[in-house]
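Peer 1: This is the structure, below, for whatever I ask next.
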Amino acid sequence: MGRLLALVVGAALVSSACGGCVEVDSETEAVYGMTFKILCISCKRRSETNAETFTEWTFRQKGTEEFVKILRYENEVLQLEEDERFEGRVVWNGSRGTKDLQDLSIFITNVTYNHSGDYECHVYRLLFFENYEHNTSVVKKIHIEVVDKANRDMASIVSEIMMYVLIVVLTIWLVAEMIYCYKKIAAATETAAQENASEYLAITSESKENCTGVQVAE
């Protein structure tokens, strides 16, 4: 849960035109038959510098030795290589509407065991300065394991336990507050009743005295 929250926050920051950029590691465990996002984020050192970026993704299947290119994304065009393992399964999920890519993530739909292995996200960036241009390149490496069902990590378990503990504590606090308020209201009601009774007795006693005085005068 904690890691998922970090991914969400990182994606929100990267996708915001005016926001910052946070590099977040990708999840590494994909579930068979499900859609899986491989995260690749490469931030510029200086956000105010204009740049153009393109990426190439390569893949080495588990048990093999060579990397093969599976896609290239440049100028908002996704070019997929002919590879039956990824045919109709790869979807671009990175930056859109800009040549200055910082989020270069992809989706793999309907994951199979053939997608287990090592992925490389190659980031090629051309930086434009006032009097010159500068090329940079970065390689993000991600190892993916495909499993039958999701395994919960320790952070997720701890987060859920803390959530239930917080709910229990808040419930106890709420019950205690209700009991306190009830007792306070009951005490105030009892005090008011006693005061009313005292006033009633005083008035009754005064009335009797007045009646006695009238009878004596007669």
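Quick reminder: no glycine exception, Cβ is built from N, Cα and C everywhere.
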Peer 1: Run through Asn93, Asn210 and tell me the one Swiss-Prot describes as N-linked glycosylation site.
Peer 2: Asn93
Peer 1: Choosing among Cys18, Cys21, Cys121, which residue does Swiss-Prot name as bonded to Cys40 by a disulfide?
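Peer 2: That would be Cys121, the partner Swiss-Prot lists for Cys40.
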Peer 1: If you look at what Swiss-Prot says, which of Cys43, Cys181 makes a disulfide link with Cys21?
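Peer 2: Swiss-Prot says the disulfide from Cys21 goes to Cys43.
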Peer 1: According to Swiss-Prot, which residue among Asn114, Asn196 is annotated as N-linked glycosylation site?
Peer 2: Asn114
Peer 1: Could you say which of the glycosylation sites Asn93, Asn110, Asn114, Asn135 has its Cβ with the most other Cβ atoms inside 10 Å?
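Peer 2: Within the set of glycosylation sites, the most crowded position is Asn93.
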Peer 1: Please average pLDDT over the topological domain 'Extracellular' (19-157) for the predicted structure.
Peer 2: 92
